[in-house]
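Asker: So TrEMBL says this about it:
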- 1-39: region 'Disordered' (REGION)
- 1-10: compositional bias 'Polar residues' (COMPBIAS)
- 22-31: compositional bias 'Polar residues' (COMPBIAS)
- 91-120: region 'Disordered' (REGION)
- 223-254: repeat 'WD' (REPEAT)
- 271-294: region 'Disordered' (REGION)
- 273-291: compositional bias 'Acidic residues' (COMPBIAS)
- 305-346: repeat 'WD' (REPEAT)
- 347-388: repeat 'WD' (REPEAT)
- 391-431: repeat 'WD' (REPEAT)
Amino acid sequence: MPVESGNSAAARQVKQKRKSHSLSIRRTNSTEQDRTGMQRDMLEGQDSKLPMALRSNLLDLFGQIEREFENLYIENLELRREIESLNERLSGEGQTVEGGDLSKGALKTKASHSTSQLSQKLKTTYKASTSKRSNSFPGKVGGPRNFNVGNWELWGGDSWIVSSFKATTSRAVCQLVKEYVGHRDGIWDLAVTRVQPLVLGTASADHCSMLWSIETGKCLLKYAGHAGSVNSIKFHPTEQMALTASGDQTAHIWRYMVQLPLPQPPADISASLDDDVDFSDKDEADGDADGPNECPTIRVATTTLKSHQGVVIAADWLVGGKQVVTASWDRAANLYDVETSELVHTLTGHDQELTHCCTHPTQRLVVTSSRDTTFRLWDFRDPSIHSVNVFQGHTDTVTSAVFTVGDNVVSGSDDRTVKVWDLKNMRSPIATIRTDSAVNRISVSANQRIIALPHDNRQVRLFDMNGVRLARLPRSNRQGHRRMVCCSAWNEENQACNLFTCGFDRQAIGWNINIPALLQEK
């Protein structure tokens, strides 16, 4: 009885694999064993200081990675075939999707009933099957992965999701206006001044905070008084003062004076509004190349607040600007008097490190967030009573909780949800937004009450207070964030640039959100 050789057996397995997927994949080498043997021979002939056992182990690991990507490629092709089959089936039922041919450039879809029907069918069909492969990639270090099948984008978090059709229609109302590049490390936080002149402030892990001209994107002032990462920046409600929190266990209050440069004509960004294609290998913002523009530097704080025993992760002004609150990794939040810099109150109760703090715009209320999956509301309206209410509902770290104009609090978490709460009813949220990635420091527009969600997966999404998704900010190889988005901030005083985001790609971005058109699409 003839015995089948190893090479022919491997070739037969490859052939069966091709047949099971109804695909034709051309390989450069005949078999896996031949290829591995050739590569090992090449390694033996090369001069290297690595031991042969280690080199062979590395070769095996890279072989596993190659096979995993091959399997993903095969599965993506199969999904594409199924998508085309669904398109043909819907066409036979009289439901057509304009631009639905995957072989012709970019998808150009309309937010119609048939489009949403197709999107829902695709999500339902493939969510279960593709989620089995989401965590099988060897050497995964966290964060989502995404693969492109034609013009379809599949996200690899806990499950893969077919990209929404609405992203295409929202590009007309969400446009990138300006990039603010100059920090030498990731940007944790940003805010817009509350008094004239309106400038943008950023807080970075490079130990510096910078003030930028919104119109020109030039650095106007740099504060370099901290000895650690600057984790937060907030501006005084009526004076030209900034409050920054740092990893050096202090919070600083410093005064600034800036002169705005002459505005420049807006650049033509229509050419960069192309398809939403992801290039994860794109280099980071090259802030090291040119460095920040020459601008004055402040190195000494007006007031230093120091009583924490850990990293000060956030700080904010209470209404009126006479007191500030700080949140720290020592599990406490401190209330200080600005004029005397004395500690007024220490707010304790959280079981783990604090992650954020926020004050109400018109009332003496403070909300603190923590890694213990809760956030707490502190009431200072009565000087003799400092009541606390605990909000429970998240299953992971609460990354931020912010007030809205009214009686609502919006919280974001690493559990990939955002919840809207009524201060009069703390038992359960009135709305829940479920996303595909962890949510960082959120912001809510004061006038239109639109929530901007910055994600770990480099996306920024907009929702209303009822949890209805309005848009996703465009992101491609030429625009948008290339790393985790850390924070968002609205600026409704400037119509041309009314939303800002920052991330660990060392840049802040100013966006123009056409809110009337956005709400009309809703």
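Just so it is clear, glycine is given a Cβ too, placed from its N, Cα and C backbone atoms.
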Asker: I need to check the long-range neighbours of the repeat 'WD' (347-388): which residues 6 or more away from its ends have a CB within less than 8 Å of a CB in the stretch?
Answerer: 310, 313-319, 325-335, 394-403, 405, 409, 411, 413, 415, 423, 426, 441, 446
Asker: By Cβ distance under 8 Å, which residues at least 6 away from the ends of the repeat 'WD' (391-431) in the same chain are close to it?
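Answerer: Beyond its ends, the repeat 'WD' (391-431) has Cβ neighbours at 355-356, 358-362, 365, 367-371, 373-377, 437-444, 446, 449, 451, 453, 463, 465-467.
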Asker: Could you please provide the mean pLDDT value for the repeat 'WD' (391-431)?
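Answerer: Averaged over the repeat 'WD' (391-431), per-residue pLDDT gives 92.
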